[in-house]
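Student: According to TrEMBL, the record shows the following:
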ACT_SITE  His308  active site, proton acceptor
BINDING   His351, Glu357, His387  Fe cation binding site
BINDING   Tyr366, His387  homogentisate binding site
COMPBIAS  1-12  compositional bias 'Basic and acidic residues'
DOMAIN    20-295  domain 'Homogentisate 1,2-dioxygenase N-terminal'
DOMAIN    297-448  domain 'Homogentisate 1,2-dioxygenase C-terminal'
REGION    1-20  region 'Disordered'
Amino acid sequence: MTDHNEPTKNAEKGGANDLRYMPGFGNDFETESLPGALPQGQNSPQKCAYGLYAEQLSGSPFTAPRGTNERSWLYRIRPSVKHNGRFAALDRPFWKTAPCLNDHSLALGQLRWDPVPMPKDAVDFISGMRTVTTAGDAMTQTGMASHVYVCNTDMVDDYFFNADGELLIVPESGTLRIFTELGMMDVAPLEIALIPRGMLFKVSILEAGIDGGARGYVCENYGAKFTLPERGPIGANCLANPRDFKTPVAAYEDKETPCRVLVKWCGQFHVTEIGHSPLDVVAWHGNYTPFKYDLRTFSPVGAILFDHPDPSIFTVLTAPTDEAGTANVDFVIFPPRWMVAENTFRPPWYHRNIMSEFMGLICGQYDAKEEGFVPGGMSLHNMMLAHGPDAYGFDKASNAELGPQKLDGTMAFMFETRYPQQLTKFAAELETLQDDYLDCWSGLERKFDGTPEGRP
Ligand SMILES: O=C(O)Cc1cc(O)ccc1O
Ligand SMILES: [Fe+2]
């Protein structure tokens, strides 16, 4: 078997960062691993070079407006019809799909978990996917799911595509090598990757992290594709800049041995056996592509005089709905930044929100919760359920000296959706669920005593 990835040919496992990428968000890219493999001036010549087959992969309806029309042309050793034989049912009981209602009997409340433990058995990126919440309805292409992946095994002859949505992958421990139809990406903690709906890929562990494996979070977006948020009065720069998104150059496997294609389709899993690798795309062009992005390149804009702005200022990617400003899901980060606001309670305020907030932590501490929210952990503050700083954080921030202060070495994030997030049985029964989470607010005592100063 050979991996072809020009010009760094045969990028072997272990060689992190030797892969090549093309910069830009939503660009029309072109790339070939063999010279002349990509037709010029047309998509579908009578005969393609090297005996390749031409195939279009459409990520939007043919007639979508120009700004949201996404498709790529793939030039491959065999067309995908040769990859999709007769499917058999496959059991992947921990990967759930919306609607998945009443899956547990846990009482309504704010929830927090310590990290998901690594299973003792061999699990790869697909069998190690653990759904925490589902929202909306995949069948109507609305909503999302929040997952955690825990894996300790490479996908070698197994390949996967998800017809139900795109996958936003947020590693927390361990570096992944993601080999997609359009090329290879190495993705480490503090980076994210996006795999478009319907695109085949496999995942191996390039550098092991926790327990000799890898762990992270995934947002499965059933709705409109993630795009960059409008910057409004911020102007043409800052937040996530388009050139920091990286799309892989073409790479292919020439492998004629037994392989399996796994598919998730309307919440069900299916498998078919084939005699070759489906990652056989030698050249491609188009704008329906996977990409990765380094969260350290996000340029935050924030409060430079007083008050705490809404966290939407930290939106990296947004998946819109038809209702203005009402996201199917937003991917928001809380990156290292300077806090300088005067006469201000600087951490997040207490609040209730129509949107439902799933949070994870990649490293460091989160300013509203210095204790109890640890890297690899997660919290769920669902539609209209009150939350905010714990008692310790409130006290500390209410009495802090308000000089310039850098929040450093930290990266939290939020999957925030307009749809209520339904808990799975797995999450409700997870041993790392913190039974005492609500106690973090129990020390918030009455300070009102009828005087303007209140009780200290
Ligand atoms: O709840 C949270 O911790 C996330 C959050 C952060 C913030 O700065 C403002 C609102 C908000 O929901
Ligand atoms: Fe919140």
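Even glycines carry a Cβ here, placed using N, Cα and C.
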Student: Which residues, in sequence order, are found in the same chain with Cβ within 8 Å of the centroid defined by the Cβ atoms of His351, Glu357, His387 at the Fe cation site, excluding those residues themselves?
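Tutor: The surrounding set, listed in chain order, is Pro348, Arg352, Asn353, His381, Leu385, Ala386, Gly388.
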Student: Determine the minimum-neighbour residue: among His308, His351, listed as recorded positions, which Cβ has the fewest other Cβ atoms within 10 angstroms?
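Tutor: Looking at the recorded positions His308, His351, the Cβ with the fewest others within 10 Å is that of His351.
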Student: Rounded to the nearest angstrom, how far is the Cα of Glu357 (Fe cation binding site) from the Cα of His308 (active site, proton acceptor)?
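Tutor: So the Cα of Glu357 (Fe cation binding site) lies 18 Å away from that of His308 (active site, proton acceptor).
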Student: Mean pLDDT over the domain 'Homogentisate 1,2-dioxygenase N-terminal' (20-295): what is the value?
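Tutor: Taking every residue of the domain 'Homogentisate 1,2-dioxygenase N-terminal' (20-295) together, the mean pLDDT is 97.
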Student: How long is the line from the C-alpha of Glu357 (Fe cation binding site) to the C-alpha of Tyr366 (homogentisate binding site), rounded to the nearest angstrom?
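Tutor: Pair distance, Cα basis, whole Å: 15 Å.
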Student: For Tyr366 (homogentisate binding site) and His387 (Fe cation binding site), determine the Cα separation and express it in whole Å.
Tutor: 14
Student: His308, Glu357, Tyr366: which of these recorded positions put a Cβ within less than 6 Å of any ligand 2 atom?
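Tutor: Result: Glu357.
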Student: What is the total of other Cβ atoms whose distance to the Cβ of Glu357 (Fe cation binding site) is within 10 Å?
Tutor: 22
Student: So what sits near His387 (Fe cation binding site) in its own chain, CB-to-CB under 8 Å and at least six residues off in sequence?
Tutor: Gln110, Tyr350, His351, Arg352, Glu357, His381
Student: Starting from the Cβ of Tyr366 (homogentisate binding site), draw a 10 Å sphere and report how many other Cβ atoms land inside it.
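Tutor: Around the Cβ of Tyr366 (homogentisate binding site), 25 other Cβ atoms lie within 10 Å.
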Student: In terms of DSSP three-state secondary structure, what is the assignment for His308 (active site, proton acceptor)?
Tutor: coil
